[in-house]
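*Asks:* Below is one structure. I have some questions about it.
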Ligand code: ATR
């Protein structure tokens, strides 16, 4: 096959060295024997628009977008999916053959698929979900949970005004708790989600008392480095089912890979191992 026929994709952010997406997409390209390459690109905010205009001319079929460009990229797209508009950010671009740039956000999809895969007994309608954190990741998680049929979101964030802003947006299905009382919302929760960066390598630990945690609750953390955060370890000790955050990263990549390379990839133990390499 000639070089110009090879579809190219990649991830744009700054910094970008930590991204696991190149290992992941390269693993799938090899697994399915597909021509293609996936390249990490460190791009500044000043260069972002030029780069997005240029990539399709170089054979790129799309890119993932990561920190700090996930919000700004929305202005540069010709078409934006409803779920990306709702979240206010995009993580995936598709460069269409008609020249249009299509922006999507698959983070919420990845979050739900991860729960379905690793905690198949989870029924969204079984009870409220307690969400810790009110940043960009929380927005994607809350929108996806409400869309999946979760009856109520119990939300707590260190900076109360950010949680109140989400309450304004999502309305009466969302109830805000003070950060110092975050432990109180766990009693009623069927699902507990940490969307803060606390517990990540090099960051302070999340310190929420789990005494009131319902033993039937499922506890999940968006942090995946380390895989077993203190929250997950303590939740397991309390008898809860836990789901780590790596699967969300893997599942959010599935729709993009399928659109770019034409095969819907599996998320399995080999995929996890590849992303951790
Ligand atoms: P992301 O897009 O990953 O959600 P973000 O918008 O910067 O990133 O949000 C990070 C989340 O982690 C926020 O909920 C943040 O709380 P604040 O809104 O109070 O900043 C939370 N977070 C980060 N460091 C924290 C800390 N030391 N204690 C409590 N919460 C913290």
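Yeah, the Cβs are placed from backbone N, Cα and C, and that goes for glycine too.
The active site, proton acceptor annotation in TrEMBL covers 70. The annotation shikimate binding site is assigned in TrEMBL to 19, 20, 21, 66, 91, 107, 224, 252. Per TrEMBL, NADP(+) binding site is recorded for 82, 133, 134, 135, 136, 137, 157, 158, 159, 160, 161, 162, 222, 245. Under the heading domain 'Shikimate dehydrogenase substrate binding N-terminal', TrEMBL lists 11-93. The domain 'Quinate/shikimate 5-dehydrogenase/glutamyl-tRNA reductase' annotation in TrEMBL covers 129-197. Sequence annotations record features per position, and here TrEMBL assigns domain 'SDH C-terminal' to 245-273.
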*Asks:* Cα within 10 Å of residue 19 (shikimate binding site): which of the recorded positions 70, 136, 159, 161, 222 qualify?
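*Replies:* Checking Cα-Cα distances against residue 19 (shikimate binding site), none of the recorded positions falls within 10 Å.
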*Asks:* So if I draw a 10 Å sphere around the Cβ of residue 107 (shikimate binding site), how many other Cβ atoms end up inside it?
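*Replies:* So the Cβ neighbour count for residue 107 (shikimate binding site) comes to 28.
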*Asks:* Out of 19, 70, 82, 91, which recorded positions have CB atoms lying under 6 Å from ligand 1?
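*Replies:* Checking each Cβ against ligand 1, none of them comes under 6 Å.
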*Asks:* For the binding-site residues 19, 66, 91, 159, which Cβ has the most other Cβ atoms within 10 Å, all shown protein chains included?
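*Replies:* Of 19, 66, 91, 159, the one with the most crowded Cβ is 91.
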*Asks:* Using DSSP with the three-state reduction, classify residue 224 (shikimate binding site) as helix, strand or coil.
*Replies:* coil
*Asks:* So how many other Cβ atoms are close to residue 70 (active site, proton acceptor), meaning within 10 Å of its Cβ?
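*Replies:* I get 22 for this one.
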*Asks:* Could you pull out which residues elsewhere in the chain have a CB under 8 Å from any CB of the domain 'SDH C-terminal' (245-273), counting only those six or more residues past its ends?
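*Replies:* Sequence-remote neighbours of the domain 'SDH C-terminal' (245-273) are 7, 9, 20-21, 24-25, 27-29, 31-32, 34, 36, 61-62, 64, 91-92, 94, 104, 106-107, 109-111, 113-114, 117-118, 220-224, 227.
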